[in-house]
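Working notes, structure below.
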Amino acid sequence: METPKPRILPWLVSQLDLGQLEGVAWLDESRTRFRIPWKHGLRQDAQMADFGIFQAWAEASGAYTPGKDKPDVSTWKRNFRSALNRKEVLRLAADNSKDPYDPHKVYEFVTPGARDFVHLGASPDTNGKSSLPHSQENLPKLFDGLILGPLKDEGSSDLAIVSDPSQQLPSPNVNNFLNPAPQENPLKQLLAEEQWEFEVTAFYRGRQVFQQTLFCPGGLRLVGSTADMTLPWQPVTLPDPEGFLTDKLVKEYVGQVLKGLGNGLALWQAGQCLWAQRLGHSHAFWALGEELLPDSGRGPDGEVHKDKDGAVFDLRPFVADLIAFMEGSGHSPRYTLWFCMGEMWPQDQPWVKRLVMVKVVPTCLKELLEMAREGGASSLKTVDLHISNSQPISLTSDQYKAYLQDLVEDMDFQATGNI
């Protein structure tokens with residue numbers, strides 16, 4: 001008979017009580033707060049002992065068999081975190097994973113007595129919460145099959161409750177009915193340089209005159225008709241105003257802005273940022289706004305400088321805000337870039353009064369937000385990830401959040417210089 005997969009919380013409490021895994025320990029006498037080592041797998045000083053808790057859970061859950069399967073620390077850690085994500089009786093109390101000397105996370109049980117509750121082997125209900133497996137009438141029969149024994153620490157008054165293995169039954173797990181999560185983080189493929197696609201929309205005095213969606217692995221350039229087409233970055237030519245505007249003076253001014261673009265405004269992705277650089281004479285200001293309007297009631301986020309690159313979007317805070325959004329923050333992260341060409345940013349005027357406004361939407365970021373909205377706050381919902389030239393991947397909301405958390409950790413690790 002196949003051994004049933006253990007539930008994460010009773011298993012974790014037992015590991016904490018045993019105290020045999022390096023760095024895994026209770027932090028208070030009431031045993032409600034505990035620490036888990038959280039070192040990045042690519043650190044130069046990383047050793048297998050640093051990932052003992054993740055490997056132990058991988059073995060206990062049947063995801064890894066020593067000598068048979070290839071060790072995969074990142075997958076072990078992601079599966080462990082995904083299992084904890086859907087436990088409402090737990091919360092992350094402190095994230096010290098960036099500590100250069102002792103990277104770890106602190107968790108705590110948020111409900112008084114929850115630690116003892118999960119130790120009794122409570123099973124999850126359909127909402128991811130905990131419920132007792134037996135009614136009060138059946139409690140005497142339940143305790144007949146239990147052996148009460150002291151904890152390893154003889155000075156403690158707590159008692160460990162160990163069930164007779166023959167009495168254990170496998171608990172239903174919604175993840176058993178879903179597609180298994182891919183070993184590699186699929187979000188890295190979605191955000192790979194060759195996957196960056198941009199939806200570009202241009203407005204002349206508030207009127208939409210151009211929209212195009214295009215793959216730009218090396219970046220793009222917003223240009224007029226006089227640009228050098230042999231330069232790097234894919235040229236996106238803004239249309240002549242003649243066929244769109246009736247006011248002769250406005251057409252003339254728009255034409256001057258387009259001519260002043262020269263070799264264009266370049267936008268490209270490198271590392272975890274989007275970068276912009278102005279190659280012509282026309283000044284340009286940028287801001288992160290909503291997809292339907294540029295939030296012109298405030299000042300710009302910055303100016304695009306001539307012949308000097310500058311970051312206009314950072315993926316790290318976007319992903320962090322996306323995780324917070326999934327956890328119920330209510331704040332939807334922004335990803336739409338607006339550029340005002342040839343004039344000051346419309347801080348005190350309606351944006352539709354500006355001669356040339358260009359909106360750029362990275363479609364991969366839009367898709368990430370849509371996936372978060374589809375999953376919502378429910379760990380039981382699934383989201384489909386669509387990547388070019390591949391089959392859609394179905395993920396639970398918890399798996400999706402775990403992959404996002406992986407991205408944040410990787411970006412933090414790269415930002416600290418690979419300690």
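Positions of Cβ are set from backbone N, Cα and C atoms, glycine also.
Among the features that Swiss-Prot reports, phosphothreonine is placed at T3, T75, T230, T237, T396 (among others). The annotation DNA-binding region is assigned in Swiss-Prot to 5-111. Summarising the annotation, Swiss-Prot assigns phosphoserine to S14, S97, S379, S388, S390 (among others). What Swiss-Prot records for 140-419 is region 'Mediates interaction with ZDHHC11', and it gives similarity to another entry as the kind of evidence. For K188, K353, K359, the entry in Swiss-Prot reads ISG15 cross-link, with the evidence type similarity to another entry. Positions annotated as region 'Interaction with HERC5' by Swiss-Prot: 194-353. The N6-acetyllysine feature in Swiss-Prot is assigned to K359. Annotation comment: Swiss-Prot describes S379 as diphosphoserine, evidence class similarity to another entry.
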Sequence-ordered list of residues in the chain of T237 (phosphothreonine) that lie 6 or more positions away and have a Cβ within less than 8 Å of its Cβ, or none, is V223, G224, S225, A227
Look at the modified residues S14, T75, S97, T396 and tell me which residue has the greatest number of other C-beta atoms within 10 angstroms of its C-beta.
-> T396
Inter-residue Cα distance where the pair is S97 (phosphoserine) and T396 (phosphothreonine), in Å | 25
Average model confidence [pLDDT] within the region 'Mediates interaction with ZDHHC11' (140-419) | 79
Recorded positions compared (K188, K353, K359) - highest count of Cβ atoms within 10 Å = K359
What count of other C-beta atoms do you get within 10 angstroms of the C-beta of T230 (phosphothreonine), across all chains shown?
-> 7
If H, G and I count as helix, E and B as strand, and all else as coil, what does DSSP give for S14 (phosphoserine)?
-> helix
